[in-house]
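Trainee: Features from TrEMBL:
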TRANSMEM  B:12-30  transmembrane segment
TRANSMEM  B:37-55  transmembrane segment
TRANSMEM  B:61-83  transmembrane segment
TRANSMEM  B:95-114  transmembrane segment
TRANSMEM  B:141-160  transmembrane segment
TRANSMEM  B:181-202  transmembrane segment
TRANSMEM  B:222-251  transmembrane segment
TRANSMEM  B:272-294  transmembrane segment
Amino acid sequence: MKRDNLVLLAVLILLALVPFAAEFTGQSSWTKLVGQALIYGMAAASLNFILGYGGMVSFGHAAFFGIGGYVVGILYHHFDAGTAFLGIIPGTDQMLVTLPAAVLVAGLAAALVGALSLRTGGVQFIMITLAFAQMFFFLFISLKTYGGEDGIMVRRTNALPGLNMKDKATLYWVVLAFAAAYYLFLRRLVRSSFGQIIAGIRQNERRMAAMGISTLRYKLYAFILSGMGAGLAGALMVNFLRFASPDMMHWTRSGELMVMVILGGVGTLAGPFIGAGALFTLETTLARYTEHWMLPVGILLLVVVLTSKGGLMALIAKLKGGAK
Amino acid sequence: MILLFEQLLNGLQYGVTLFLLAAGLTLIFGIMGVINLAHGALYMVGAFAASWVAIQTGSFWGGLVAGLVASGLIGLVVETAVIRRLYARDHLDQVLATFALILIFNQTTVLIFGRQPLFTTLPEIFSGSVEIIPGLPYPTYRLFVIAVGLAVALGLYFLINKTRIGMLVRAGATNRQMVRALGVNIQGLYTAVFALGALLAGLAGVMASPIVSVQVGMGDEIILATFVVVVIGGVGSVKGAFVAGIVLGLFDTMLRAFLPATLQQVMPGPEAQALGVGISSMGIYLMMALVLLVRPRGLFAARG
Amino acid sequence: MSPVLDIAGLVKTFGGLTATDHVSLTVDTGEIHALIGPNGAGKSTLINQICGEIIPNAGQIHLAGRDVTRLPPAGRVALGLGRTFQITSLLDDMTVRENLGLAIQAREGGNFRIFDRAAKRNEVWDEADSVLAGSALSARAGVKVADLAHGEKKQLELLMALSQRPRVLLLDEPMAGLGHVESQQMIEALNAARGECAMLLVEHDMEAVFALADRISVLVYGRIIAAGTAEEIRANPAVREAYLGEEDA
């Protein structure tokens, strides 16, 4: 336990130094890259909670990511235009308002989708979650007020009292703080009584039902918690890139989140973050050399899925085992 | 009235295309238990092979043959190299592996053909149109597509209900263990079913190639609609794929044709247009959600 | 004394097949009531109807005086229904102790504590440890369930079911697949649990049934053809013909 925390602390310190390293080496894009990877890591980790720990293969997780992002975008749009959402809710650019709002709205959306989807299972569950994500995708495309297909530009990152959010490094550290807090939250969650019951349901839903657990309710709560996490990540992403678009919830984005989870290691805490970092770095690096970067990524993914179980985390565990 | 009739025919044509894709997909899922996201890639392969050969040789029929051969062969390769290893895996691995296949297929196609769409011209006999009812000339080629789709439906009906292979296929879609227990060469059956599915997807691509823009990613758009068809129809049921394919084809086409104009009567033009298109695109997904709420296993679920 | 489990006129058909045909039986407080019958007699369908996994076409199920015929499984458990599975059904990735701990936690109907530390809920783990200490699994607490022997899994299932303190326990073939020694252990364990709760014992092993049961009902082709004490069932000609006769052959 103690050693885990030391490793975590060391990783956090290294991550906190990234802006300095970027400045020192002149590679200013590093900060942006790692920041995005951290945010994707959060989204993937939120998916991993239902996918890896809960055994629910949701193929529509990007919807909640996008909804969280749009909450920030829409609130900014009304703040900027001096109008009100639906004529009632005024816009704002205060992060202390926008992030909780994003989490709340994403949670409500997840409650709706989960309540309707969790009655099914297997391929039907995969497809119905995908269907709901597509509905949200097309909904936002059709909203001309909020830019339709083009999305919303957020010209200034949301404000946090006492911080200069225009500063790239400050923004990065804010993202890092959220990512670290979310990691700790998930660690607590999977080790809680609730988390244990969710893991039990994944392994044997019938047995848990026979012990008197109303499995549907537990799965729904997990689904909502997971959607809220994705909403938070989406809201951060829009702040980080200053841009919200329907592309955030395209079905291939949901696929990418699943890829990150698998690549890093299903059902592990650090896996999704490692997977997100690996995929994101791979994409960015390959894109520098070839416009056909999707080809090697596809081949790599295929090889990983076909040959290995447990992703990069299993590899790390194996290496650690070998070193001892 | 004439407009409505024309859109009905368009819907029917889209419906049979969806059926051609869904028939293979539902059999592959029903019998092997594999979720194949890359099924749309075989549709793309069929379309590209047909268009390319048609452009090179000037022969639509040459393109047709090329499209079928290419999709069938590539289907065989994909089954042997990848799908075979996925039978015993869980849904998650299947989704990811076939998602990877989509990336691979799309990029390979870009490498070979570039990003520009391919355009083909129709052969002489299809270039005209037929006046089905007075005042409505309808393109001959689209009628041909509908005819081919219905003919395939009929052929599949006979194959599945009247032949020994069909019996195994039906048994496999209902109870996989039973077919294994019968001592049939199960691997041979699997490969044959996958190749058949690939061939049908290729045929759908060939048929669509003169009327849609043949470009990379064309399979990604239609595969989602195809999955909706499969799930609504009931996994493993070809009959379900047919009914759901036609209904969805009609429903989707009608929405797209009439919803924006209807909305324009109650709200300003550009917003109505955007909202109409958006809601039309949501239509099939909404329908799937509703069907699954009432029948969690689809309309004609083969498995109990 | 009113029965703790009262099943009246239960009918369930699948297509043209009648799996349970007006089945009625009662289980009294503290009683072990055995249900025997040849394969395909409809025993599993009956069990699944009592648990709520299958809803009957007709008839009523009363549990502790309440009509539970249409209640979902979790609601029945809350009223005191426990079960073990014919094919053992446990949480394979967790240890023996963790399985038991979850069963004890579930007694509260589960909870939505998302911030506590499951590993530090001492009352749960103390109870799990004391249950294990007095059982045949005392030396196996830290072993993953996937690594247990078949007989050990059966024992663990029983411990988990009992730790939920049910009023009625449905035992779906607890002896299935057990060797002679393991069967004796199971019979002892069940005998020891007598009095903790009433049991409906579905079983093929006649030795176990005659050793344990206060009453026996015989189910053949979805119907109860005889019910009574062990002596009465042994002497019943219809039972001998329909069921016991097969065993002799």
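Glycine is treated like the rest: Cβ placed from N, Cα and C.
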Trainee: Tally Cβ pairs under 8 Å between the transmembrane segment (B:222-251) and each listed stretch (B:37-55, B:61-83, B:141-160, B:181-202, B:272-294), then give the stretch with the top tally.
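Mentor: Checked against B:37-55, B:61-83, B:141-160, B:181-202, B:272-294; highest Cβ contact count belongs to B:272-294.
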Trainee: Using a Cβ cut-off of under 8 Å, list the residues of the same chain at least 6 residues beyond the transmembrane segment (B:272-294) that approach it.
Mentor: 225, 228, 231-232, 248, 251-252, 255-256, 259-264, 266
Trainee: Which stretch, B:37-55, B:61-83, B:95-114, B:141-160, B:181-202, tops the Cβ pairs under 8 Å count with the transmembrane segment (B:12-30)?
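Mentor: Comparing B:37-55, B:61-83, B:95-114, B:141-160, B:181-202: B:141-160 has the most Cβ pairs near the transmembrane segment (B:12-30).
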Trainee: Rank B:37-55, B:61-83, B:141-160, B:181-202 by Cβ pairs under 8 Å to the transmembrane segment (B:95-114) and hand me the top one.
Mentor: B:37-55
Trainee: Hey, which bits of the same chain come close to the transmembrane segment (B:61-83), Cβ under 8 Å, at least six residues off its ends?
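Mentor: Contacts of the transmembrane segment (B:61-83) (Cβ under 8 Å, skipping residues fewer than 6 from its ends): 32, 34, 36, 38, 42-43, 45-54, 97-98, 101, 120, 123, 190-191, 194-195, 197-199, 201-203, 205-206, 209.
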